[in-house]
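Visitor: Let me give you the structure first, and then I'll get to my questions.
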Amino acid sequence: MGATGVLLCVVLHFLQMVTQSSEKFTVTGLQRPVLAPLGGNVELSCQLSPPQQAQHMEIRWFRNRYREPVYLYRNGKDLHGETISKYVERTELLKDDIGKGKVTLRIFKLTADDDGSYHCVFKVGEFYEEHITEIKVTATSSVMYILMQPPNIKGVMLECHSGGWFPQPHMEWRDNKGNIIPATSKAHSQDENKLFNMTMTLLIEASSHRSITCYLQNLLTHQEESISIVLSGELFSWKRVWIMILTTIGFMMIAFCMTYCVQQHLLYGTFSKGKCHWLKSTMIFMFSVIAVTGVMLILHLKQRVPVSDQHFELDTLWLEDISVILCVLIVFIIKLISFIYFRLEGDHQGWSLPPYLSATPTAAICRLAVPEYSRGHLQLDSEDDLAGMGPSPFFITPCF
């Protein structure tokens, strides 16, 4: 055997040793997720164990279970053509320690879409090992604002808005003592950059909470942001004013009715139906007010649309409009009923008999309504004159 044969045997033996050693390795790296801010840079390292030469190996970085190649190193070259386009200009493989089996993937300008798991794969021939590292992209926004809807029949509606969070933050209402107030509704959406826009509402039905704070927290970094609003007690005074107005109107109606009827009693000695016309109209008015007020209360107290529904505000405005329309209808209907009632009452009054006939049986049980002569003068001197009139177009109605 010559020198060439000896050299060939040495090379083959060396390659065999390299192959055997290469088939006996594992890949290690970071065990905890890597927290990285939105728009920042991150480095992911992986290491062969035991440490060994890795220049002759194929090194790949994948996402989503090998479906998205992030970086490829093979035969000592970086192959950008086999990676997805969004990582071509934003990734770099640091190979300073590749002789010891360590490489580092650097990703620039992180986006919310970069959040997830990354597979680091070392491959020699058909043998390969991998390590999985997770990136947690975080974003916190200080842009917050509270919108207050105009007070309505349900109360005061507060809306807290904040955008630009990742991942989805924890959101809640708190009072001035730090106690949690249950939110009426919560909603979120994601923009084209996959950042979360948060919305939370709170319906305050009483003035017990004067200072309200909207509180958000990033659950990964525990960073907090908050904004507060102080509510004036005047926002809830409209309820007391409304109750006082209705109470005052009710007492005024009762007082007017009693005063008028007492006056009629003092003047005529009895509460005759012919004298207390205003009592009848007042009763009609009170009945109408009670009926319509009852309908309004039923509409207001009945829960038709949940507060969390997007049509809640429209439903509230509809109730307010209906309330105004009902009040206008009350006034119109009462005016119309009163006009028709007193007009008909005046048309059917007719004429009454002379005083000296009031004790006679005929005059005591009837009232003569004479349409043809109601605007003239009819003279009756005695009951015989009444009996001698014979048939006539008189309408006999009971006396009241």
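Just so it is clear, glycine is given a Cβ too, placed from its N, Cα and C backbone atoms.
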Visitor: Let me make sure I read this right: Swiss-Prot says C120 forms a disulphide bond with another cysteine. Which one, out of C46, C214?
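Guide: Answer per Swiss-Prot: C46.
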Visitor: For C214, which disulfide partner does Swiss-Prot record out of C160, C276, C327?
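Guide: Between C214 and the options C160, C276, C327, Swiss-Prot records the bond with C160.
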Visitor: Are L344 and E172 co-located with respect to the membrane, according to Swiss-Prot's topological domains?
Guide: no
Visitor: Averaged across the topological domain 'Extracellular' (302-321), what pLDDT does the model get? Just tell me the whole number, please.
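Guide: Across the residues of the topological domain 'Extracellular' (302-321) the model's pLDDT averages 59 on the 0 to 100 scale.
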Visitor: From the Cα of C120 (disulfide bond) across to the Cα of N197 (N-linked glycosylation site), what is the distance in angstrom?
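Guide: With the alpha carbons as reference points, the distance is 33 Å.
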Visitor: Can you give me the Cα-Cα distance between C160 (disulfide bond) and C120 (disulfide bond) in Å, rounded to a whole number?
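Guide: Cα-Cα distance, C160 (disulfide bond) to C120 (disulfide bond): 42 Å.
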Visitor: Around C46 (disulfide bond), which residues of its chain at least 6 apart sit with Cβ under 8 Å of its Cβ?
Guide: V27, T28, G29, K102, V103, C120, F122, H131, T133
Visitor: Inside 10 Å of the Cβ of N197 (N-linked glycosylation site), count up the other Cβ atoms and send me the figure.
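Guide: So the Cβ neighbour count for N197 (N-linked glycosylation site) comes to 15.
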